[in-house]
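Trainee: What Swiss-Prot records for 9-286 is domain 'YjeF C-terminal', and it gives sequence analysis as the kind of evidence. Annotation comment: Swiss-Prot describes Ala44, His160, Asp227 as (6S)-NADPHX binding site, evidence class sequence analysis. Annotation comment: Swiss-Prot describes Lys197, Gly198, Ala199, Asp200, Ser201, Gly226 as AMP binding site, evidence class sequence analysis.
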Amino acid sequence: MTGPRVRTVTAAALRAQPLPAPGGDKEQRGRVLIVGGSARVPGAVMLAGEAALRAGAGKLQLATAASVAPGMALAMPEALVLGLGENGQGEIVRGHRALDAAMSACDAAVIGPGMASTNTTAALVKRAIDQAVCTLVLDAGALSPRLRAPLGRPFVLTPHAGEMAALAGDDKAAVEAAPADYALAFAKKMRSVVIVKGADSFVAGPDGALWVHRGGVPGLGTSGSGDTLAGLIAGFAARGCDALTAALWGVFVHATAGKQLAKRIGTVGFLAREIPPEVPGILDRLPRG
């Protein structure tokens, strides 16, 4: 019995799944909402937000801990920033009507960067998911084995091997030995697009489609790198890509940015904040449909 066909994510393959035309209006390129962060880790939301804008999204909203929201608004003038209730540890624990309205009005959202995975944050994640009518990218603190996307509206889940192991209740070594199998199984179980990130990143769709991007550079294994990937995917989704296409473009562009930085700065040591500025030039050089 043969396994599923594995397709390779390349620039040529993406030609068959082109991005929507850039257009001249920010409304046409969509609105992205990033929900996450904490008083101790506010930067994750900013990394994802900048990546979404660099991918071409037209508008950006950030929802994070109220104590850091004013500073974030000053640091990122391109974004509308919402402050959320937090507990004594600075973790966001409560949504509100403004977040509900933002979630129901966005074209793509990222939930989870910089968030801890706790019972209290789980309630916030559930509330946000329940309000959403857009493509959702779930990362870090939003990942849960209980997730299951609505029929016809797959989530995009972006676990690394350790997070995938936690979702599966297995050890990390098992995931690293068979990442494609885990991606396929959980894509079907969660009715979602699942990216198991690594040097070779596997992307599986709920219909059994399986893709691999090979040759990621070691320097991408750095703090905040996954936040930029999640933001890129949301940016492409906001522009009009379906969940799988947005994931494939995100993985390829993220890896290409890493290769450029490795060549210019060094194999390791470049920073996650340096990834988003690479993106517009990469998009201009990639083949168009």
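Even glycines carry a Cβ here, placed using N, Cα and C.
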Trainee: How would DSSP class Ala44 ((6S)-NADPHX binding site) in three states?
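Mentor: Its secondary structure by DSSP: helix.
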Trainee: Cα-Cα separation of Asp227 ((6S)-NADPHX binding site) and Ala199 (AMP binding site), in Å?
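Mentor: A Cα-Cα distance of 16 Å.
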Trainee: At 10 angstroms around each C-beta, which of the binding-site residues His160, Lys197 has the fewest other C-beta atoms nearby?
Mentor: His160
Trainee: Report the residues of the chain - excluding Ala44, His160, Asp227 - with C-beta within 8 Å of the mean position of the site's C-beta atoms, for the recorded (6S)-NADPHX site, in sequence order.
Mentor: Leu47, Ala48, Pro113, Gly114, Asp139, Ala140, Ser223, Gly224, Ser225, Gly226, Thr228, Leu229, Ala230
Trainee: Can you check which residue among the binding-site residues Ala44, Ala199 has the largest number of Cβ atoms within 10 Å of its own?
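Mentor: Buried the deepest by this measure is Ala44.
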Trainee: Beyond Lys197, Gly198, Ala199, Asp200, Ser201, Gly226, what residues of that chain have CB atoms within 8 A of the centre of the AMP site's CB atoms?
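Mentor: The surrounding set, listed in chain order, is His160, Ala161, Pro179, Ile195, Val196, Phe202, His213, Gly216, Leu220.
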